[in-house]
């Protein structure tokens, strides 16, 4: 283990060095992106597969073909919201833990939680009947704690190491794996449906669908275990070492010699004995409180939390209830179980290829040129416009499936070439290393609160007030999210650690020459 750590120490440290080309990545950078992005691929696969799993479970248990649980849509909503409920706990808990105990001490544990929960989910006894929904809700909540923890941890691990010229590109890259998780998940689903077609479609052995969702959910365990091993072998970044050293020796702040922020020296070795370690731990717990007690920092936190909260109401309102909208649009209307579920899978792939994936990569290739705020504001404006068109012309578009799915694809495109990506990237850049995990985690947790509201409300509202009214509501929320973006500074080329160091030195007062 020691030799593996030494290897990672010498090579991953290279990631933090400046490089002339924004696109010419070094091997350590590629390795870092692989370790972080694979986790996000797994998270997205687990997060969005509930769309199709609910369709199967609804038929296997209730004998109904629908994207919601019949007669009790709230139960279907709670099942879809379960992961996001867990995410709130994981995002705040793991984010804060990463700041206090160090990234290395925490990174990898979140993936262990996700893996164990997945094993328990696919082990649910079928004889529970409708109790399966309750069982899955409990363990998808636990899964959510792990998935939630990956948000601040992966964002921080990459942002801590990335140089400013391509930091936004690298953080966007790991988040873009969410699109691949959704796409590959839908692709694997229809492959499994094709394999089981003979038994389900021709011989009407619909009980085989129970095997489909278990295999579909369990396949992700293979990359999850590999990712756990890789994360446990990672070492600490220079910036995080500098934070830890400054907590033990506050004089480093006064001297302006915090490793990773300037390039005057190597990271100091934190080793001032037990009293210094205790003082450092106490300082770590105080960092977030002290930092966000200042209005100049708190207003940024309001901007990142509220924009993510409102964005996730509309993003997850669509994404977690995609099967409902697909049925409402008439894209999945077969009375045959196999054919209906197949139509749902194909529609998910079309939307992923057409809008989900391209949106991420438009952001990836433009974020260092356009900046984060412009992309976020543009995306929200386009989302509002598309929601208004879809709601205003709902009846006409229902008769034109191709037209409606085109708008739906554009909607997903501007989610990801827009606020869905930037609300993840900005908190990773706008906060300094010492509070980055908490700032990102709290922002993400507020986003997931919006996702929970969407999961519960859309399932009920689509039944009670209709899909058209839901689309009008989403239009209003998209417009409301725009002003909060203006509370956030542009993070392109912004070194939050350097700004934080200067602010802390200024708070200490004038220093003697040479210090």
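In case you wondered, yes, glycine gets a Cβ from its N, Cα and C as well.
Per TrEMBL, the feature transmembrane segment maps to 32-61 (among others).
Per TrEMBL, the feature domain 'Major facilitator superfamily (MFS) profile' maps to 32-493.
Long-range neighbours of the transmembrane segment (81-98) within the same chain, counting only residues 6 or more positions beyond its ends whose Cβ lies under 8 Å from a Cβ of the stretch, are 46-47, 50, 105-107, 109-110, 113, 136-138, 140-153, 156, 288, 316, 320, 437-442, 444-445, 448-449, 451-452, 455-456. The feature transmembrane segment is assigned by TrEMBL to 81-98 (among others).
Residues 39, 42-43, 46, 90, 94, 97-98, 132, 135-136, 139-140, 142-143, 145-150, 153, 157, 210, 214, 217-218, 220-221, 224-225, 227-228, 231-232, 234 of the same chain lie 6+ residues outside the transmembrane segment (105-126) yet bring a C-beta within less than 8 angstroms of a C-beta in it. The feature transmembrane segment is assigned by TrEMBL to 105-126 (among others).
As annotated by TrEMBL, transmembrane segment applies to 132-149 (among others).
The feature transmembrane segment is assigned by TrEMBL to 170-195 (among others). Here the transmembrane segment (170-195) has Cβ contacts under 8 Å with residues 29, 32-33, 36-38, 40-49, 52, 154-155, 158-159, 162, 212, 215-216, 219, 319, 338, 341-342, 345-346, 348-349, 352-353, 356-357, 359-361, 363-364, 367, 416, 421, 424-425, 428-429 of the same chain, all six or more residues outside its ends.
Annotated transmembrane segment per TrEMBL: 215-234 (among others), in sequence order.
Per TrEMBL, transmembrane segment is recorded for 300-320 (among others). Same-chain neighbours of the transmembrane segment (300-320): 48, 50-51, 80-81, 84, 182, 292, 376, 380, 383, 387, 411-412, 415, 419-420, 423, 426-427, 430-431, 439, 442-444, 446-451, 453-455, 457-458, 470, 474, 477-478, 480-481, 484-489, counting only residues six or more beyond its ends whose CB sits under 8 Å from a CB of the stretch.
Under the heading transmembrane segment, TrEMBL lists 340-363 (among others).
As annotated by TrEMBL, transmembrane segment applies to 375-392 (among others).
Sequence-distant contacts of the transmembrane segment (404-426) (same chain, at least 6 residues past either end, Cβ-Cβ under 8 Å): 151, 155, 168, 171-172, 175-176, 179, 304, 307-308, 311-312, 315, 318, 325, 329, 331, 347, 350-352, 354-360, 362-363, 367, 372-373, 375-376, 378-380, 382-383, 386-387, 389-390, 397-398, 443-444, 447, 481, 485, 488, 491. The transmembrane segment feature in TrEMBL is assigned to 404-426 (among others).
The transmembrane segment annotation in TrEMBL covers 438-458 (among others).
Marked as transmembrane segment by TrEMBL: 470-488 (among others).
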Proximity of the transmembrane segment (215-234) to the transmembrane segment (32-61), 3+ C-beta pairs under 8 angstroms: yes
Tertiary contacts of the transmembrane segment (470-488) (same chain, 6+ residues out, Cβ under 8 Å): 299-300, 302-304, 306-307, 310-311, 313-314, 317-318, 373, 376-377, 380-381, 383-384, 387-388, 390-391, 394, 419, 426, 430, 458, 461-462
